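As structure tokens, the structure follows; a few thoughts come after it.
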């Protein structure tokens, strides 16, 4: 009798096409990063501040953009991204992940047109809003596309590449702003803004030739097209057993979920889905509360206020550190896991922000007109060094991992909606910080808090919250398929907790030698929230003591063959053989998914025969 291979067929083929595709789609992050970095430099350009002034004059009597208008210019993009992220399921679930990205890019292009043509503030604000709407759509659809196509062993790095693209966008923006900020015409701001067309067109052209995600095609009932798409991603024929098996596993989960009913936004906040949704929203909110966008939105102006003679140069340096620091983080995501990186990243950011706040507060002051006075220039330069250290910790941990974690924790039925809400949370806090920062930092009577460097104590407190949040709420998902992540969240006996999630193993691996899970009587229960619907009993300890997995070599005398167990959407336990029994084919027919699962075993008597 033919034995089951120890290596699963799902590992067949090549992963490189999926890796290359996921890495290219990450290019969408460049649009967001470039726009963020561009506006930081534009706010400090003399020509733009005079051109778009509504009559406000600074302490020296020069025309300038008021703090209120500055707040509106920065925050309105985040308002657009908030609504774009919430609207992303309308595109992603109806016209597909691929075409949704293309439409989103054209929404972004419309915003770029308005900003480039603007000569006064109202049209510029309108352009910022539509550009933000496009960025919000892209920011939800890119991690969705990546997580549904990337191989599980490198999924973290692929989704994290979206953050890497954001850092590259920030660096390119800093370089362009530095090159044009001394111009005394509209080219000072129009050149860096108009260049965004190039980044958008590159993404559009590339996505046109990419395949749709197999999971979306299964969601739409297009199994043949899903097989073709998965075959391209794995470099296998569409009828290859590995392709058929993988598609079958995804379809089983989806069919069970749909058998329960369609998902609504309210379902995201019910039952077991609530834990996932709050985890995703919490990690995205805290990513913003670490203060990273204060550096990249207002960094140029902040460094200028801090007595730095060339703030544009400092911005280029911090952007370079942001890019370089992301690279080791992409490796560590799948090598070390999600939880360790998030924990130690939060610790590093917490200490850095605290030291920046102390140095900035004790070495600077203000005169009667609000001008910054630097009492100790070496100490102020040291605070800039700690800003760079903070950026290192953020870029290598929380920057990419917030997108990775939220892209992994939702089941197929609710994935688009769940990601849209978590991404919208990111943009909501992004907007709040962008809007409030001028009032918190700037000098002025009445409504201005004039915190200056003391604002870093706020970011320090938020980073401290990050440590606690990760320990209690973030599960380790390294090395698990999206369906296995779903199974982990749905398991109720024994209950999986975040700080022990690294020890958890899916039912397909339980009972295998060295498996951390698989103790006597473990089982995962059916979930009404949608997920892997299975209840797979592992062999009792007495039987397991004399059992070995099916191998390609004959078993030694006295050993009994036990099949490789797989997750199946069935409440029927996997049968356990008694001594001397032989089962050649056990047919389990779960009524919901309609799949027949074959389990083959050979007794030691048959083997010797």
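Residue positions begin at 1 at the first shown residue.
Every residue, even glycine, has its Cβ placed from backbone N, Cα and C.
Record note: among 37-56, 157-176, 157-176 is the stretch given as transmembrane segment by TrEMBL. Between the stretches 247-265, 418-436, 437-455, TrEMBL puts its transmembrane segment entry on 418-436. Cross-referencing 228-246, 456-474 with TrEMBL places the feature transmembrane segment at 456-474.
As annotated in TrEMBL, transmembrane segment covers the listed stretch 382-406 rather than the other ranges in 382-406, 482-506. Mean model confidence for the domain 'Major facilitator superfamily (MFS) profile' (21-478) is a pLDDT of 88. Ranked by number of Cβ pairs under 8 Å to the transmembrane segment (418-436), the listed stretches 12-34, 72-92, 312-334, 382-406 are led by 72-92. Here the transmembrane segment (188-210) does not touch the transmembrane segment (312-334). Their Cβ atoms form fewer than 3 pairs under 8 Å, with each pair 6 or more residues apart.
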